[in-house]
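J.: What follows is a structure written as C-alpha cells; I'll ask about it next.
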Amino acid sequence: MEQGLEVALTDLQSTWNNMRHHTDEISSDRLLVRRGQAFNITLYFRNRGFQPGLDNIIFVAETGPLPDLSNGTRALFSLTGRHGPSPWIASLETNGASSLEVSLCAPPVAAVGRYLLKVHIDSFQRSVTAYQLGEFILLFNPWCPEDSVYLDSEPQRQEYVVNDYGFIYQGNKNWIRPCPWNYGQFEENIIDICLELLDKSLNFQIDPATDCALRGSPVYISRVVCAMINSNDDSGVLNGNWSENYLDGVNPAEWTGSVAILKQWHATGCQPVRYGQCWVFAAIMCTVMRCLGIPTRVITNFDSGHDTDGNLIIDEYYDSTGRILENKKKDSVWNFHVWNECWMARKDLPPGYGGWQVLDATPQETSNGLYCCGPASVRAIKEGEVELNYDTAFAFSMVNADCMSWLVYGGKEQKIHRDTNTVGNFISTKSIQSDERDDITENYKYIEGSPQERQVFLKALQKLKAGRSEDPHQADSQHSLPEPRSGDGLWSLHTPSLRPSDIVQVSLKFQLLDPPHMGQDIRFVLLALNMSLQFKDLKVNLSAQSLLHDGSPLPPFWQDTAFITLSPEEAKTHSCRIPYSQYSQYLSTDKLIRISALGEEKSSPEKILVDKIITLAYPGIIINVLGAAVVNQPLSIQVLFSNPLSEHVEDCVLTVEGSGLFKKQQRVLIGVLKPQHRASITLETVPFKSGQRQVQANLRSNKFKDIKGYRNVYVDLRL
C-alpha cells in the first residue's frame, strides 16, 4: 500500500531569498522576505517524492496571537489551487525524486510581521498530516509596484531604505551644520526590536487581533510607530527632556546613533530610554521605518512654528530690553525642529496626496488621544488642505504660521509687528547618495511673499475657521482666529531689510565681527540707519540670553544701553563685546545665544525690534582610517580631538560607532583634558559588512556635550 507523503526537512533558502529581497544585510540565517515578491523553499521527503495527482499540499501562513482567515492574519493556499481562492500564491518550481522546490508569494497588501509557515499534506484523500516548516518575517516592499510603499527610483530606494547612516541638520538658518547619525536598521536584533515595538503599542495591548490585521497599512503602521517612539502614552522608546537636567540619563546631544538606544530599551524590559529631543525621536523613527521597509528620511525645519491653539499665529512676547519672555500660551518658534517623511500611497485621501508624508514623533500635541503626528501629506500642506488626515493643520503651522510680536510693559501688551516670513526656512534633508544637503522648502510652501503663498495661508485659515464652527467642542474656545493682512505694515523680525520704507524710518541690524567660536569672546556691532530726512535720537536697549532649540528662553546674562543720534540718511555703528567668561556659565547644551535690541525714538511711540541668534561652534573631531578596509580583516581607526577651551575640562568620554564596522558602540574614558590640549586615540576593529560605511564619534565633558566628527569608509569584500 502506498504511504502518505512525509516531510523530513525544510530548507527555507534564507541566504538566497534574503539577497533577492534586499534583506541580506539583516541576516543570512533567518528568512526575511518582502510582500508581493516570490521566495523559494525546498521540502525534503522521508519516504518518496511528491505525486501531483495523489498528494495535495496546502500551505498555512499565520501571524499574530489570534490568526484568522477572515481578517487576513491566516492564509491557506495550495499548489493546485484546489483549496479555494487565496491572495497568497504557491507554485511548483522543481519536483525531485525526494524533494520539492516551491515558490511562495505573499500578496502586496499582507500584514507585515513575524509569520509561522506550516504545511498540511493530504495523500490519497486520507487523513491530513501537518508539519511546521519554520518562521519568517514579512516586510513592506518598496521594490514592488503593487505595494503601497512602492518607490520607482532605485537611487531613492538605496538612500531611503538601504542606507544605514546619514545626517541630521541642526544649528540655525544662518549656520546649518550636519550631525552624523548611525541609523543601523540592519544591525543584529534591530528587526526583532522593531517588531517588539509594534507589540508593545497600546493598539496591540487593547486588541491584538485587529492590530495585527491592520499591519498591512503603512498609514496605520506609521501612526503606531510614531506614538511608540515617545513614551508619553505607553512603554515607548524615549523620554523627552527639554529641562537641561539630564543627571539621571543621557544628554540628547550626546547620542550618535539609534542602535544603542533601541538595544537599551529592549534590554531593560522596554523601559523608556532617557533622554531624547526632536532629532533623536526622528532618527529612531527613521531606523524603525526603514527596517520595516517603508522609505523614510529625516527632515529639519529651521524656525519651526509650534502653534498650540490652531490659529496659525505664533505669539511672541518681549520686555522693554528686547528680552524674549516665557510664552503663557506655550506658542513658540523652535530654532530648528526635526521630523520624518515616509513614502506611501494615501488611498484614504483624494487622488494626488500620496508620496511623502510628514510624521513627527516628538510629543507636542495629541492626535486622536495619542502623542503622535501624521501622516500628513506634504502636498496637502503646500496646498493648505488642512482638513485632510492626519494632523495636517498642525504640520502646516510648523512651516507657514505667521509670527506676532508683542511688547509687554506696565501690565499691558502692545503689538510691535506681524511677520509673515519668519516661520519655515531652509527645510533640509540629506541628498540622495551624497553627503550634501537638499533644500526641499518648495515642497512645503510657495515662495514667501508670493501671491500663491498668501492665498494658501488664507485658504488654510478659512478651513480652520469652518472646522471650528462645526465642532461643538471648540465653541467655547477663547482663542480667536484673526484675519491676516498681507499689508500689515510690519517688517521682518530677523531680516530688517524687508521693512516697508514708508513706515519704518530707522532700521537696526546686528553684524558679527568674528565667527562665533566656543571659548572666544563674541564681538558684534549694532548698525543703525536713518532713512528719513530728519534727525533721530534713539535709545536702544540691548540684551543677550541663551535659548533652547525649542525657543524656550533662559534668563539674560548681558545687557547694554546705547544712545544714538542720527543725522538725516546717516548710518552709525555701536560696538558690543560679550566675554567668554560672562556667557560660558549661562550656555545651554544647544549653544544658542540670542542677542536683541529694542529701539525707540524720543519723538515717536514706535518701537524697533531686531534680534540675531548665534550658534557657537566647536572644532570637530578628525577621524583617519589607517590602511585599507576589508571585510574580516583588522582595521585601525585614529580619532583626533581637542579641548577648545582655555580651561581644564573633566569627565571626558569619547564614543565611536559605525554600522558594519563595530559590533557595538565603543566608549573610551579620557578623564581630564588640559586647556587647548590635542589628543589622539587609535581603535582596532574588524569590519563585518562590505560597501559604503560611516564612523561617527562624539566627545563630551563637564563643559561641552557634543563635539562630533565622522568619516566615510568604503569596505572591500576581499583584498
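Quick reminder: no glycine exception, Cβ is built from N, Cα and C everywhere.
What TrEMBL records for C278, H337, D360 is active site. Per TrEMBL, the feature Ca(2+) binding site maps to N400, D402, E448, E453. Annotation source TrEMBL lists domain 'Transglutaminase-like' at 270-363. Taken from TrEMBL, the feature region 'Disordered' applies to 468-492.
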J.: Where E448 (Ca(2+) binding site) and D360 (active site) are concerned, what is their Cα separation in Å, rounded?
T.: 24
J.: Centre the Cβ atoms of N400, D402, E448, E453, go out 8 Å, and tell me which other residues of that chain have a Cβ in range of the Ca(2+) site.
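T.: Leaving out the recorded residues gives A401, T420, N421, V423, G424, K445, G449, R454, F457.
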J.: Using Cβ-Cβ distances, find the residues under 8 Å from N400 (Ca(2+) binding site) that belong to the same chain and are at least 6 apart in sequence, listing them in sequence order.
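T.: Looking at Cβ-Cβ distances below 8 Å from N400 (Ca(2+) binding site), excluding near sequence neighbours, one finds G305, L312, I381, V423, G424, Y444, K445, E453, V456, F457, A460.
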J.: Within 10 angstroms of the C-beta of E448 (Ca(2+) binding site), what count of other C-beta atoms is obtained when all protein chains are considered?
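T.: The answer is 17 other Cβ atoms.
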J.: Name the residue among the recorded positions D360, D402, E453 whose Cβ has the smallest number of other Cβ atoms within 10 Å.
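T.: Checked D360, D402, E453; of these recorded positions, fewest Cβ neighbours within 10 Å: E453.
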J.: Rounded to the nearest Å, what's the C-alpha distance separating H337 (active site) and D360 (active site)? Just drop the number here, would you?
T.: 10
J.: Run through the Cβ atoms and count how many others sit within 10 Å of the one on C278 (active site).
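T.: I get 27 for this one.
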